[in-house]
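A.B. asks: Okay, here's the structure, questions in a sec.
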């Protein structure tokens with residue numbers, strides 16, 4: 001990652017990219033509508049087809065929606081002056097995922113940006129247990145499958161926070177929606193929704209971004225970008241060096257950041273395949289959940 005002040009001084013045009021992306025609102029509403037239609041279509045299918053479509057189709061939509069929630073966490077939908085609107089819209093985007101998390105994600109994700117790799121603060125860092133136990137090829141394979149569970153429960157062990165009123169609202173809205181899906185469409189639609197989330201965030205091509213972003217495949221390089229086609233489904237989350245350098249630039253504009261400052265980004269190691277990242281992580285004996293840069297906290301951190 002590069003120095004924000006230096007890059008904006010050298011390339012002042014990047015500042016013009018720091019603005020809300022209102023098109024996200026309509027894209028997210030369209031994705032929600034598509035999943036609602038899918039809930040209806042799978043309601044009477046055989047179980048094998050429910051699970052098939054959950055993995056082949058629903059997983060892509062739901063994983064993409066988690067990255068839409070990432071965009072909302074940065075206030076890109078309505079702008080920084082309408083923070084409550086962003087939080088409430090995050091709850092709408094959360095609906096097809098089935099598990100309430102959009103408000104909590106925002107709180108922890110801001111810590112990740114401010115204190116990248118800080119021990120006990122950045123919950124993106126695996127626990128000592130994960131690093132110790134998931135150290136063989138088979139165990140790493142299981143860890144990749146179970147990633148959504150580790151991401152869900154890790155904050156409770158590393159950096160628990162008091163529950164906010166917005167998290168209570170998020171949970172109430174989500175449980176109400178889940179009950180509504182069950183009562184109107186049945187158990188198969190509910191299982192499709194939850195399976196799409198669990199499968200989409202586990203052993204799935206898009207899930208390569210979890211490992212590609214900050215696992216040290218090369219010594220001295222803590223953050224990596226991905227420039228492959230799956231950026232089209234993930235709001236350009238693959239442009240990760242660019243994102244950490246300019247967290248106020250929405251995903252839509254990150255390719256322009258790379259283009260403007262090409263002399264800095266094109267020389268950095270990057271990926272073109274998240275599937276290869278997953279394969280290399282599992283098969284390479286030198287890589288494990290320990291392959292992250294961890295820093296001691298400075299004691300002056302201001303948390304969300």
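Each residue, glycine too, has its Cβ placed from N, Cα and C.
Quick caveat, the model's predicted, so the values are computed rather than measured.
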A.B. asks: According to TrEMBL, which of these ranges is transmembrane segment: 4-23, 84-103?
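C.D. replies: It is 84-103 that TrEMBL annotates as transmembrane segment.
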A.B. asks: Between 49-72, 121-144, I'd like to know which one TrEMBL lists as transmembrane segment.
C.D. replies: 49-72
A.B. asks: Below 8 angstroms Cβ to Cβ, which residues of this chain, lying six or more residues outside the transmembrane segment (49-72), approach it?
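C.D. replies: Counting only partners 6 or more residues beyond its ends, the transmembrane segment (49-72) has Cβ contacts under 8 Å with 21, 24, 27-28, 31-32, 34-35, 38, 42, 86, 89-90, 93-94, 96-97, 101-102, 105-106, 109, 188, 191-193, 195-197, 199-201, 204, 206-207, 233-235, 237, 250-251.
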